[in-house]
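Structure, as structure tokens:
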Amino acid sequence: MSSGDGASQSSSKKSKKPTYSRFTQQELPAFKPILTPGLIMAAFVFLGITFIPIGLSHLSASDNVVQLVDRYDEDCIPTYNSNPEEAHNKRIQYIRDASTNKTCVRTLIVPKKMRHPIFVYYQLDDFYQNHRRYVKSRNDEQYRNPSAERKTANCEPEAVNDDHEPIVPCGLIAWSLFNDTYSLLRNDVPLPINKKDIAWQSDKTHKFGSNVYPKNFQSRSLIGGATLNESIPLNQQDDLLVWMRTAALPSFRKLYGRIETDLEANEVIKVVIQNNYNTYTFNGKKKFVISTTTWIGGKNDFLGKVYITVGGASLFIAIAFISVYLVMPRPLGDPSYLSWNKNPPSN
Amino acid sequence: MAAWRGSRSGGDGLQSVEHISSSRTVRLGKVQPQAPGHRTVFCNDRDANALAKFKGNSVSTTKYDVFTFLPKGLFEQFRRVANLYFLMISILSCTPVSPVSPITNVLPLTLVLLVSLIKEAWEDWKRFQNDMAINNSTIEVLQDQKWVLTPWKKLQVGDIVKVKQDGFFPADLLFLASTNPDGICYIETANLDGETNLKIRKALEKTWDYVTPEKVCEFKGEVQCEQPNNSLYTFTGNLIINKQTLPLSPNQLLLRGCSLRNTDYIVGAVIFTGHETKVMMNSMKIPSKRSTLEKKLDKLILTLFCVLFCMCLLGAIGSGVFINRKYYYLRFDKSEKQFDPDNRFVVAILTFFTLITLYSPIIPISLYVSVEMIKFIQSTQFINNDLSMYHAESNTPALARTSNLNEELGQVEYIFSDKTGTLTRNLMEFFKCSIGGEVYGTGVSEIEMGTAQRTGAKIETQKQSNTAREKGFNFDDARLMRGAWRNEPNPEACKEFFKCLAICHTVLPEGDESPEKIRYQAASPDESALVTAAKNFGFFFYKRSPTTIYVRESHVEKMGKVQDVPYEILNVLEFNSTRKRQSVVCRYPDGRLVLYCKGADTVIYERLVDGDNELKRITREHLEQFGASGLRTLCLAYRNLSSDVYESWNEKYIQAKSSLRDREKKLDEVAELIEKELILIGCTAIEDKLQEGVPACIETLSRAGIKIWVLTGDKMETAINIAYACKLINNSMKQFIISSETDAVREIEDRGDQVELARFMKELVKNELKRCNEEAQQYLLSVPRSKLALVIDGKCLMYALDPSLRVMLLNLSMNCSAVVCCRVSPLQKAQVTSLVRKGANRITLSIGDGANDVSMIQAAHVGVGISGQEGMQAVMASDFAIAQFRFLTDLLLVHGRWSYHRICKVVTYFFYKNLTFTLTQFWFTFQTGFSGQRLYDDWFQSLYNVIFTALPVIIIGLFDKDVSATLSKQYPELYKEGIRNAFFKWRVVATWAFFAIYQSLVLYYFVVASSNRAINSSGKMFGLWDVSTMAFTCVVVTVNLRLLMMCNTITRWHHISVGGSILAWFVFVFIYSGVILPKEQENIYLVIYVLMSTFYFYFALILVPVAALFCDFVYLGVQRWFFP
């Protein structure tokens, strides 16, 4: 119909010959990346010789990191010699009792010389900071903007206090803020921990407001963790900022502070811990970590090892290919290797 | 107007008319639904017609209008399961169960719908514009005694219009008068059926003079005719003028879509308008076929659903187990159902839904729309524009009428081919004849040459004869030329023979009335070949009027004398496929009445007068001989009629002709009455030459592992010879012939007992099949294996297709590399096709050119029509149309193979990339207490499918080539991969799935494991969103690089799209993490800047994709090296 009625007669007499274009004739210039044995080998050799050095440098950097890890949750609580369940309950009672003094002193020996800055971390295991209910329980607008303090969507059940006044900062993440504290003694001389600048700069300058002050925080009967000084704006509360950048895995480290002096090998460090934070109900572990860093960051063998593994595997395969190639060379494009020239498949 | 009204009174006397009731109701003004039987049209009377509420003449072929577009278009879209699934997921993601914001699922769905709707709208807009152009073209309509230009859409039933030369008919018209004498006009019907020869239409004598407007005004008539229907070649009705009832036939109907030729102008009355015209009623929808790959794709999607279900179930159980009040900081309590530790079952169920939403990208939403787009471009840009499939002679490019089946072309295993017009050229040449028991014609046909070659006998190459050869005539025998026939033993028979050729036809002469310049317009090339032959024998048909045929006869009375003889044509009993014959009753100038008949040997022999068995026997022998040479034969016969026999018959004939119901059938019955007691004259043999390149094409295709079946209506000998000529069968093949042409069969046939015949035939076929099967088994076991060929004829096939024998037939034919079925009906063609399609579950392709192949074309997976020759019906029913059989090589081996490869790659890649992506989410679920926390930001997830990984896969679907076009034609064996479906087997999918699992593990665990320590010298730690952005970056890079690895060719488009996709991700994330959106959580805010400030980011970005792709690379390398 379409070519029929209206279209003029001349159009049907016109040549219907398609016009030539490299696109329609599918003759676009192209190069064929044929994986020739040579190319494959070259690629593997290249991978090997670039990855192994990267891996080695990573490993050596990681090796230069000195870190000290001390798990203290078990030892910083009185032992109860009753059946496990009862002991468990007693521990919970102990940790929840705000009136008891939960100071706990740990003694650590520096294995190697640690150059400053030395970073102090706390590490929690089996703590699901990445749980869906937990992750979404925050309101960035409220944290950033003082006029948005009533915006507590998603913050349930820590959105408002019993008087329906908004909690700032709202949400479960802030509510469960870690509240163990550490102070260090070197040879019984206090070793200061610098708690400045432990949060990411972007959090300080952009995500948390400099004029948003904590309000009604931990004012309800159930207290999840640390309290906040209501006279310090949120973006100055570095501990909170660190905590609020929720971890990806249930086992995570968070920066606590920095030691700005070097520690010599075999020096004895005393850690005075206020063991406040409750990980006992869910049997989570708490660890105290001090570590130096290098250009790759903290102790992290993983990348280095993988680099070396991949590089090594590449070299190995390259060698394997070369030896196979030498044993039974095969000219490329030999049609006798094409499937239909071999015996037809058994099926 | 007043003049028209006058006609009312004339109509009162119509009591005698049969169909008075309906016309009366109309007149009474009670508008009733038209009686189903017929409609009544008052010509030249708009007011009277208005009561009947005929439809207007404007046409609309659009699917939607402004208001229905959205609802209807959306409805169409949601009929797709994938879209519906995503709609449901989107709804689910608006509930609190969802771990992701609705944007994650709504956005890709919207984009996909938008693309689909835009495509629909664009197509519809084009249709609309086309409609507008047609509706607004003008035509001259009679108004107030003047011709007034009116747009087509204003035209109404009953209007009188004037159509000028070369103009198109605006509606179905009743032909009233023309400027040509005798009220005839010539029309071209190319738009209707593709036939380019002119056809004659003849007005009724009574209406001849209504040419001038003054005269036409007086015309008042009433047309009673059938209701609008889609049959192009039938029309029954009556015209009532002045109380006289005149029968109307298709001869008076001018169909919309045709155009007027060789006539100054005509006048006609509009009968059917707009959508009720025959051509519009005929515009059927393109039959929608789905490719087998697509069906397999559905299975894959279903499997993915199962995987999704299992993943969600696992996660749901995990969440039910995990939930515990001991995680006090998560505050599990009754306030939220999903986190109520007292009701773990509800928790599990709700988490199940959460996870479904989270893992929904495992079903690739953009897959269908991408595949559709790829196929659309493949068919419209590549197949339709392929220069190597353009036939210059007929000016026909290839045409993909559907874009659904491109990849199906790459998997065809069986080709069912028609013979005439498909393998052969359908250019008929008069080649030999047998008159009165004598064979004339010395030529050697191509097929005979082929036969000679195979028997080794050498035939002298024929000398070029001196006779002027022309199209349609390739005959050389001095005994008949230039009047020499007078000296032959049977000159009377010769004369009758030539007269029969010159008179018994429906050919139209065109051009100058000289033998050199005249051109014949015939319905079939056979006819024009025969008339051309008559011309060369000295019986020059030069002029036709509706009642007379003028023949310039030479050498009839004596040598050298030329005289013009007019033969009055009394009746024409036309050819159709059931009659298989055509007759003309004519009156000689001396009053002698003769019926000339020509037709297929079987029908003519049945109707011969008894006696002269010798001639019959000899002629039958000749027929078989011609058939063996691959020639098409026709028998000629005549009958002398006495005038009273004729008169009494003619009455019956006229009665039948004017009947409104079953006119065709009645005409056939009447024709039977006179087409008997015929006297055999002889037979003609016409050569139908093989198309160019057919043998080479068939050889290539069979090397590609494609089995070719020829299904033809021809005789067995012809069919076998054609098969030899086109190298389908050769001497090294073992042939099985199952034929009904045995003496035993004939004997029983002669007894005439149908029941016994059937029983016997069945037994025979059964035994034959059994024998052949056994032999075939032996041959297959023997070494070297010889190829097998099966030849079976229509009668045997009828019994072999019986359900009890079907399996045997199938087994046998599967073992044969070539099968020839001869004397098969169109229905049998379709049956055989579906036998293989359903029984063997192989992919079939049917190719044909004529109306008789339509059923076969529709029955096969892929239907291919040969365009530009016999008509358009085959093309209209087909999925692809090509001009020549040999283009099948390009269509299958090049386009089909490429399409198949590409679509397979696209589908498996989609599968892989979405699986990889979703699995990283899945691994994360295990470490979040099965809470269904999302690893990626909403926008990352929603744009993953539609932006970051969308374009490269389309590029691969368009440009990937493993071997060049010439190579794939040179090594047709490559095609076998498609037949075995080597690229979309479960094994391939499993391989991809394996690598997807491996890569997702690498991507997830490497990133997570390497980032859980301080990542720079300032000792700071990453949070969840830093890690997730890192992981997502790695996923995008990996998945895009993997695409590059699977390319066989890389054009700059690959670079652009792959690079562009990765770049798009970075651009996006820079912008996205740089702005504060008005929402509660700005998780990604400034994340990328934090990330990029660390060395870790760059080292991980290099390492993780390399490690992820390492195994793939090794796999590809090993595969390339050891299993190319």
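The backbone N, Cα and C atoms fix where each Cβ goes, and this holds for glycine too.
Remember, predicted model here, so these are calculated numbers, not experimental data.
What TrEMBL says about this one:
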type	residues	note
ACT_SITE	B:ASP418	active site, 4-aspartylphosphate intermediate
BINDING	B:ASP418, B:THR420, B:ASP849, B:ASP853	Mg(2+) binding site
BINDING	B:ASP418, B:LYS419, B:THR420, B:GLU527, B:PHE575, B:LYS598, B:ARG632, B:THR712, B:GLY713, B:ASP714, B:ARG823, B:LYS829, B:ASN852, B:ASP853	ATP binding site
DOMAIN	B:41-105	domain 'P-type ATPase N-terminal'
DOMAIN	B:875-1124	domain 'P-type ATPase C-terminal'
TRANSMEM	B:300-325	transmembrane segment
TRANSMEM	B:345-369	transmembrane segment
TRANSMEM	B:939-959	transmembrane segment
TRANSMEM	B:986-1007	transmembrane segment
TRANSMEM	B:1027-1044	transmembrane segment
TRANSMEM	B:1056-1075	transmembrane segment
TRANSMEM	B:1095-1118	transmembrane segment
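Location within the structure of each feature annotated in TrEMBL.
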residue  : record                                        : Cβ neighbours (10 Å)
B:ASP418 : active site, 4-aspartylphosphate intermediate : 28
B:THR420 : Mg(2+) binding site                           : 24
B:PHE575 : ATP binding site                              : 18
B:ARG632 : ATP binding site                              : 21
B:GLY713 : ATP binding site                              : 22
B:ARG823 : ATP binding site                              : 24
B:ASP849 : Mg(2+) binding site                           : 30
B:ASN852 : ATP binding site                              : 22
B:ASP853 : Mg(2+) binding site                           : 31
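In three-state terms derived from DSSP, B:ARG823 (ATP binding site) belongs to neither a helical nor a strand segment and is classed as coil. A separation of roughly 7 Å, to the nearest angstrom, links the Cα atoms of B:ASP418 (active site, 4-aspartylphosphate intermediate) and B:ASP853 (Mg(2+) binding site). Ranking the binding-site residues B:PHE575, B:ARG632, B:GLY713, B:ARG823 by the distance of their Cα atoms from the Cα of B:ASP849 (Mg(2+) binding site) places B:GLY713 first. When secondary structure is read from DSSP and collapsed to three states, B:PHE575 (ATP binding site) falls in the coil class.
Here the transmembrane segment (B:939-959) does not touch the transmembrane segment (B:1095-1118). Their Cβ atoms form fewer than 3 pairs under 8 Å, with each pair 6 or more residues apart. Remote same-chain residues near the transmembrane segment (B:986-1007) are listed as 300, 904, 908, 911-912, 915-920, 922-924, 935, 1027, 1030-1031, 1034-1035, 1038, 1042, 1100, 1103-1104, 1107-1109, 1111-1112, 1115 (criterion: CB distance under 8 Å, separation of at least six residues from the stretch ends). Counting residue by residue with DSSP, the domain 'P-type ATPase N-terminal' (B:41-105) contains 30 helix, 2 strand, 33 coil.
If you look at the transmembrane segment (B:1056-1075), the same-chain residues 6 or more away from its ends with a CB under 8 A from one of its CBs are 939, 943, 947-952, 954-955, 1029, 1032-1033, 1036-1037, 1040-1041, 1043-1044, 1084-1089. Beyond its flanks by at least six residues, the transmembrane segment (B:1095-1118) meets 991, 995, 998-999, 1002-1003, 1006-1007, 1010-1011, 1015-1016, 1030, 1033-1034, 1037-1038, 1041-1042, 1045 of its own chain at Cβ-Cβ distances under 8 Å. The ATP-binding residues named in the record, B:ASP418, B:LYS419, B:THR420, B:GLU527, B:PHE575, B:LYS598, B:ARG632, B:THR712, B:GLY713, B:ASP714, B:ARG823, B:LYS829, B:ASN852, B:ASP853, extend over a maximum Cα to Cα distance of 26 Å. For the transmembrane segment (B:1027-1044), the list of distant contacts is 909, 912-913, 916-917, 920, 935-937, 940, 944, 948-949, 952-953, 956, 999, 1003-1004, 1006-1008, 1011, 1050, 1054, 1058, 1061-1062, 1065, 1069, 1073, 1084, 1087-1088, 1091, 1097, 1100-1101, 1104-1105, 1108-1109, 1112: same-chain residues at least six beyond its ends, Cβ to Cβ under 8 Å. DSSP classifies B:ASP853 (Mg(2+) binding site) as helix under the three-state reduction. B:ASP853 (Mg(2+) binding site) has B:GLY713 as its nearest neighbour among the binding-site residues B:PHE575, B:ARG632, B:GLY713, B:ARG823, going by CA to CA distance. B:GLY713 (ATP binding site) and B:THR420 (Mg(2+) binding site) have their C-alpha atoms 9 Å apart, to the nearest angstrom. Annotated pair B:PHE575 (ATP binding site) and B:THR420 (Mg(2+) binding site), C-alpha to C-alpha distance, rounded: 18 Å. Each residue in the domain 'P-type ATPase C-terminal' (B:875-1124) has a pLDDT score, and their mean in this model is 87. Taking the Cα atom of each, B:ARG632 (ATP binding site) and B:THR420 (Mg(2+) binding site) are about 10 angstrom apart.
B:THR420 (Mg(2+) binding site) sits 12 Å from B:ARG823 (ATP binding site), taking the C-alpha atoms as the reference points.
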